[in-house]
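Please read the structure below before turning to the comments.
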Amino acid sequence: MTHHHHHGAPAVAVDRDAPRIALVGSPNAGKTTLFNGLTGLRAKTGNYPGVTVSRFEGAVETDTGIVVVEDLPGTYSLDPISPDEEVVATVLEEADTLAGLLVVVDATNLRRGLNLVAQVQQAGLPTTVVLTFVDELIRRGGRVDPEALGRALGTKVLPVVAGERRGVEALREVMATPSTWPAPIMPPPTEPDEVVGWAQSILKAAHFHAPDPDSRTGKLDSILLHPVLGSVIFFATMFAFFQIIFAVAAPLQTLIEEAFVALGEAARAAIGIPWLASFVADALLAGVGGVLVFLPQIALLFVLISLLEGSGYLSRAAYLMDRIMSTAGLEGRAFVALLSSVACAIPGIMATRTLPSAKDRLATMMAAPLMTCSARLPVYVLLIGLLVPNEARVGPFTLQGVIMFGLYLLGAASAMTSAWFWKRIVGRSGVGLPFYMEMPSYRLPRLRTVLISVWDACKAFLKKVTSIILITTVVLWALLSLPIRSDADLAAAGVDPTDDVAVAAYTLDNSAAAAIGRAVQPVFEPLGFDWRVNVGVISSLAAREVFVSTLGQVASASDPENPTEALANMTHQDGKRAGEKVFTPPTITALLVFFVYALQCMSTLAVMRRETGTWKWPAIAFAYLGVTAWVMAFLARVLTEALWA
Amino acid sequence: MGVKRAIHPQGIPGEPNAVRWVTDVDLPVGLVTKAPGTVGPLLEYGVLSKIFVERGGVWTWLAPEQSLSEHGPRIRDAVAAAVDLDGWEISEGSAELLGHIAREVLEGELASYVASHGGHITVTGSTASTLTLDFGGACEDCPAAGSTLHDRIETTVKARYPMLERVERVGGEHQGGGWLGLPVPGRGR
């Protein structure tokens, strides 16, 4: 469930003429690890069980030149039940574009893996079997002879142990010449009961002994999958995580923030042209830099996610949640999609392709944007920082971390409620198909996989910061700085043109953005927002992080040397609250709650459009989440005011 | 019967028309002259030109003008059904079958084992009960060649062809030799 940022389109600009080899395999068979091992950092795919959604490609250098590897979604069979399996089936039908297939089979689940091999071999393409987890099979008292397996299947069988380069290198060598791969003399049977007999005979010929149940995994599972104890541990893990975000990342964040402030001052001092100085200091350094400071939090989030995932715990979490999901009328697969949305709603929405029922798909898609995605993290950190001081504690825990945890919980609970609601509205789906998800054995997370996942998330974040966030920030800077005032204008307004601070304040206050912010004031007034917050909220429709960059610009314009304090001391300039502070606890709470619900993400809307094939559903999602956000924020404000008084 | 019989086909290097159907068989080992079920007609009408039974499998040869893609599934079903039927007529023991099995063992199951001994072993002849091998390469000088390798091959082939009585070596003065070329009692000539 790692951050997907190459949506649908090929991940890398790979050679169109190079031979293509596709990776086929069940979820958890080690396909993604293998793909990473083959392609290095040149491509990436998500690897949450069951959620290797879109198609990913990477280039592999072999003796005969570049070979393009395509990583297909994890699938147990080629009978298309879900849209995901359909992708695999379709690719195999269009087999003429492929030079060969690599079937990745988990040796500890060889019997089931052979079913997939039997189906894949019907495609008539050169096929090689990659056998993974042979080390685990042996550790658990099982046995297999890869050579005998290869003779029985009529194909090459290559054992590859994760973390050992040898197997990957052997595979790289083999991939150079798919046209010379041995082929079975005839395809395996297709009738299910004949396939059973075929697989049994192959297993015997390969001297296969099934592994004993993993005692380590069994012991851990008896605790971690316990209905009560397991759930407690799950929530405790999550809770600890949000404590870590504040305890570990916050000091780092302060450092980066101070660096940007220093840079901003240096820029202001060095650049002679006032508007350019303002552009560099306010727009680029205060605005974009203001978002960049959250890089440590993003990195930490993905360290944790990939640790949980790599250890096999995430599948357990999905299993635990399956029970809760069923109360919302949804199956566990939907939870997998929702869980993916903690990274980003986009892979979450794409993960709904694993859902066989169109109705469940829609309901899950409508709920996915409510899960707290990584884009909300900077907004939450900023606002929580304004709400409660660093040192505030609840017992041994930081209050900031507790609030953050609460926001994630609120997001998750709201997503469930929403899914339940939409499932009702869209209508009942037929009998639910049994949710089949494999519990992989507990494994030590691979450092390489963790690093790639974190690096990838950081790269995606930086890309977002330098594209959509940068553009929006520049536009906002223009709106906040225009129209430019002449000295005569200033004098007429009673502002001393030599007083920079007064000029900045006057310009900001009479800018085009201010006009827009004031125009929507009636809408947000009940929530306690002022025009500056309004501009932030409107601009965050492009991407949530822009809210942070907008406030950064505003604060930096008012007090370049201490933007954080400027923000905390910002007061309402007009309206019935004139003179009062803007960021009071009721307003901050309302803002936080607003961000829990509002769908402020153009990319999410675009993906919804693509996945549903119509603008109707993104429009509905945008509207219902907007209205909910306003109502919930209002309620939160009223409630906080009542408690505060 | 319910569940289908455990069976899978295996190709034979150098014998493009041959298929070794790996499955549990409780029949005499040798050349099939008459087969029950639908295997009979396949043989009679010339789809199959030859059938052998070994311990643990059935070998079929497609007639030259036939293709496996056309007949493969039918032959598989026929073999799977017939091995449980009565009515087989098999002439027990076959020099040809023993040669095929020995080659298949040496190029398949024991290939990497033989290679790890630095050798290259070929079948030079067979009768219905004896097998003659040429222990090429490093095996010629390897003192262990006489025992370890010899035993391993004999055991493996015999598991599939029980009538095997003797494995002989051609050429070389180490024939049947044991440690340092000393004769091993009870083996060889």
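Note that Cβ sites are derived from N, Cα and C of the backbone, with glycine treated the same way.
Check TrEMBL against the ranges A:85-104, A:465-484 and you find transmembrane segment recorded for A:465-484. Range A:292-314 is the one annotated as transmembrane segment, of A:292-314, A:499-521 (source: TrEMBL).
Only sequence-distant pairs (6 or more apart) were considered; of these, at least three Cβ pairs between the transmembrane segment (A:401-422) and the transmembrane segment (A:588-607) are under 8 A, so the stretches are in contact.
The domain 'FeoB-type G' (A:18-181) scores a mean pLDDT of 81 in the predicted structure. For the transmembrane segment (A:619-639), the list of distant contacts is 365-366, 369-370, 523, 526-528, 586-587, 589-599, 605, 608: same-chain residues at least six beyond its ends, Cβ to Cβ under 8 Å. Sequence-remote contacts of a segment are chain residues at least 6 beyond its ends whose Cβ falls under 8 Å from one of its Cβ atoms, and for the transmembrane segment (A:588-607) they are 7, 345-346, 349-350, 368-370, 372-373, 375-376, 379-380, 383-384, 386-387, 407, 410-411, 414, 468, 527-529, 533, 537, 540-544, 547, 618, 621-622, 625-626, 628-630, 632-637, 639-640.
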